[in-house]
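Please read the structure below before turning to the comments.
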Amino acid sequence: MAMKRKKISVIGAGFTGATTAFLLAQKELGDIVLVDIPQLENPTKGKALDMLESSPVLGFDANIVGTSDYADTADSDIVVITAGIARKPGMSRDDLVTTNQKIMKQVTKEVVKYSPNCYIIVLTNPVDAMTYTVFKESGFPKNRVIGQSGVLDTARFRTFVAQELNISVKDVTGFVLGGHGDDMVPLVRYSYAGGIPLEKLIPKDRLDAIVERTRKGGGEIVNLLGNGSAYYAPAASLAEMVEAIVKDQRRILPAIAYLEGEYGYEGIYLGVPTILGGNGIEKVIELELTEDEKAALAKSVESVKNVMRVLE
């Protein structure tokens, strides 16, 4: 039987979706289908063709097509959902909820119809609630519907730590728990630089400032751009998650997973450390938390639940 490349569909061909498609192709993780609404079909085809024409120069083998027809996504191994309206300055994440929930439901119906065995990674904000929507709408098992926020939030945290210490980001590890919003919980106790606990290297007031900047990281970029939101780091984070699944790497990565009692929460999608591999979310890793961390996580869960109430 002939070996086949993996097929990865990216729904939403805006800045994040297109950048994600380009990174996935460069990493040769599979053939890419970039999808957007019919009104944007030609620009989507144009972006895909432009990427494809870079392949001889960059030296990657991957087919990239643009389309508005979900039939072209048939039998995808992984589907990444970036579609939705973007957050504008002054707009709360909650303002996004109702519009993006409708979009998630429409997209999920089409995805499931054509790729009933795929893994779905959701980026659309507010991402905890949108991942839950896709999970419910798809009827897929929990390991196959995953939200992206922690890889990005942790990347921001690691960036700021590396800048503070003037060291390589490669030597900084960290974890961010909870919802993707102002109440996320960067776990400083479980964060290291070259194996040394950050608390031994950075004074508490500076660490607190880094934690606060991480929480506001998305908003900082929204305000600087003036129009639109971050897309390079979110796309890179999605690509890292796709790679972990496609290559069955069993990476320990923070991801938005469906909890069934872990950390004391049930029936909610929340950012937690996971093992991400060929079977999607293979395990949720439970860390021991201090009372302060538990309280911060509870506050984060409350924020997610408040957004979820808008869904109902």
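Note that Cβ sites are derived from N, Cα and C of the backbone, with glycine treated the same way.
Positions annotated as active site, proton acceptor by Swiss-Prot: His180. Secondary structure at His180 (active site, proton acceptor), taken from DSSP and collapsed to helix, strand or coil, is coil.
The NAD(+) binding site feature in Swiss-Prot is assigned to Gly12, Ala13, Gly14, Phe15, Thr16, Gly17, Asp36, Asn100, Leu123, Thr124, Asn125. Long-range Cβ proximity for Asp36 (NAD(+) binding site), meaning a same-chain Cβ under 8 A and a gap of 6 or more residues, is found for Ile11, Gly12, Ala13, Gly14, Gly17, Pro43, Thr44, Gly66, Ser68, Ala83.
Marked as substrate binding site by Swiss-Prot: Arg87, Arg93, Asn125, Arg156. Within 10 Å of the C-beta of Arg156 (substrate binding site) there are 24 other C-beta atoms, taking all protein chains into account.
For Ser149, the entry in Swiss-Prot reads phosphoserine, with the evidence type sequence analysis. With a cut-off of 8 Å between CB atoms and residues at least 6 apart in sequence, the same chain places Val127, Asp128, Val176, Gly179, His180, Met184, Pro254, Ala255, Ile256, Gly271 near Ser149 (phosphoserine), listed in sequence order.
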Please identify, from the binding-site residues Gly12, Gly14, the residue with the sparsest Cβ neighbourhood, meaning fewest other Cβ atoms within 10 angstroms. Gly14
Of the residues named as NAD(+) binders, Gly12, Ala13, Gly14, Phe15, Thr16, Gly17, Asp36, Asn100, Leu123, Thr124, Asn125, how far apart in Å are the Cα atoms of the most distant pair? 17
Cβ neighbours within the same chain of Leu123 (NAD(+) binding site) - under 8 Å, at least six residues apart: Thr16, Val80, Ile81, Thr82, Gly147, Gln148, Pro234, Leu238
So which one is it: of the binding-site residues Thr16, Asn125, which has the fewest other Cβ atoms within 10 Å? Asn125
Cα of Arg156 (substrate binding site) to Cα of Asn125 (NAD(+) binding site), in Å and rounded, measures 17
